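Everything on this sheet refers to the single structure shown next.
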Amino acid sequence: MHLTELKNTPVSDLVKLGEEQMGLENLARLRKQDIVFAILKQHAKSGEDIFGGGVLEILPDGFGFLRSADSSYLAGPDDIYVSPSQIRRFNLQTGDKIEGKIRPPKEGERYFALLKVDQVNDDKPEVSRSKILFENLTPLHANSRLRMERGNGSTEDLTARILDLASPIGKGQRGLIVAPPKAGKTMLLQNIAQSITHNYPDVELIVLLIDERPEEVTEMQRSVKGEVIASTFDEPATRHVQVAEMVIEKAKRSVEHKKDVVILLDSITRLARAYNTVTPASGKILSGGVDANALHRPKRFFGAARNVEEGGSLTIIATALVDTGSKMDEVIFEEFKGTGNMELHLSRKIAERRVFPAIDFKRSGTRKEDLLTTADELQKMWILRKILNPMDEVDAMEFLIDKLMMAKTNEEFFEVMKRS
């Protein structure tokens, strides 16, 4: 029996399995994690092997637990204990994805324990020992393009195509989506996620939702094929911070194994607010009630995005909230403004006219975009900017959408533009 399979099974099926096949009682009133734990414990009595896996979180005491992505790395009874000797032996770190054989808890124990390590980050455990630490890897400018355009000519693809023209994204990009309320940032993130899973199935995608509404989390889980990790607005700030730390550590471990990872974060403003709440008071308060030391850790999160010379990349596209009426949000945005190497501005004015995507084309852009595009394409993008520059932001967007509708792909659009 495999623990991951049980976690992916709907609760109704788990209750059926436990009550009808294993003779367990009163499962319907338990949390899913408790049901999984009860089924595993019952299964272990029959003497069969049990396999499990998860993402390692090492606690200050030296031992660790394998947390599950399904429960957004929340501590639960179905977590797997990892001993300090195993952590030292395989040079394991927080964020390592581990698979192996597990054993049921003995008398006086509360958790299942890891017996044997079979895989670390989808590689043999021996490979993990010789990898270079993320901090020692050489960061470079993004030079390999992540194209958003799917080429199917749909209205959803229109957003992706405008994104490709306004601010191209590369592997290792550190992007900021600057969004006022109700400008369609969540839909834009969904669109980016769907484009990445469609065009680059080998890229590891993680959508991280901090302080979001529960219904939006469900919608994101159903519309995106990647991993969706969330901490909703009814959770404490410490939980937001723990989730974010787990996600960034997991991404770093994957990059150490030369993989390409993309994190879509909604939103960095709320994450910075959470860090501001949990950071011990330093006595220095900036305007808006932000502690002087509070923004160091969210900056470290955002700053982890990089293209790596030794192979692999970590791309982070985060949304930053503006025009919310909060002085704190303004201060947080100002702090992050110059740190990204790609900015996409959404406009309230365009969204109020019900024109979507509400992208402010003139203010959006990518640094060093010549590394991501061909000289010919770059020339055409500059000509397009010259045409749109004299126009008002709403007119520019409406004009661009009308013209893009005439062609199925951006290449066709440039051909039409050339002829006219």
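Including glycine, each Cβ sits where the backbone N, Cα and C put it.
Over in Swiss-Prot, the protein carries these features:
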- Gly170, Lys171, Gly172, Gln173, Arg174, Gly175, Lys182, Ala183, Gly184, Lys185, Thr186, Met187, Arg213: ATP binding site (BINDING)
- 49-124: domain 'Rho RNA-BD' (DOMAIN)
Of Gly170, Gly172, Gly184, the binding-site residues given in the record, which has the fewest other CB atoms within 10 A of its CB?
Gly184
CB within-chain contacts under 8 A for Arg213 (ATP binding site), separation at least 6:
Thr232, Phe233
The record names Gly170, Lys171, Gly172, Gln173, Arg174, Gly175, Lys182, Ala183, Gly184, Lys185, Thr186, Met187, Arg213 as the residues that bind ATP; what is their largest Cα to Cα distance in Å?
30
Average the per-residue pLDDT over the domain 'Rho RNA-BD' (49-124) and send me the rounded value.
92
Residues satisfying Cβ distance under 8 Å from Thr186 (ATP binding site), sequence separation of at least 6:
Glu216, Met220, Asp266
Indicate the candidate from Arg174, Lys182 with the smallest number of other Cβ atoms within 10 Å of its Cβ, considering only these binding-site residues.
Lys182
What counts of helix, strand and coil residues does DSSP assign across the domain 'Rho RNA-BD' (49-124)?
6 helix, 33 strand, 37 coil
Where does Thr186 (ATP binding site) sit in the DSSP three-state scheme?
helix
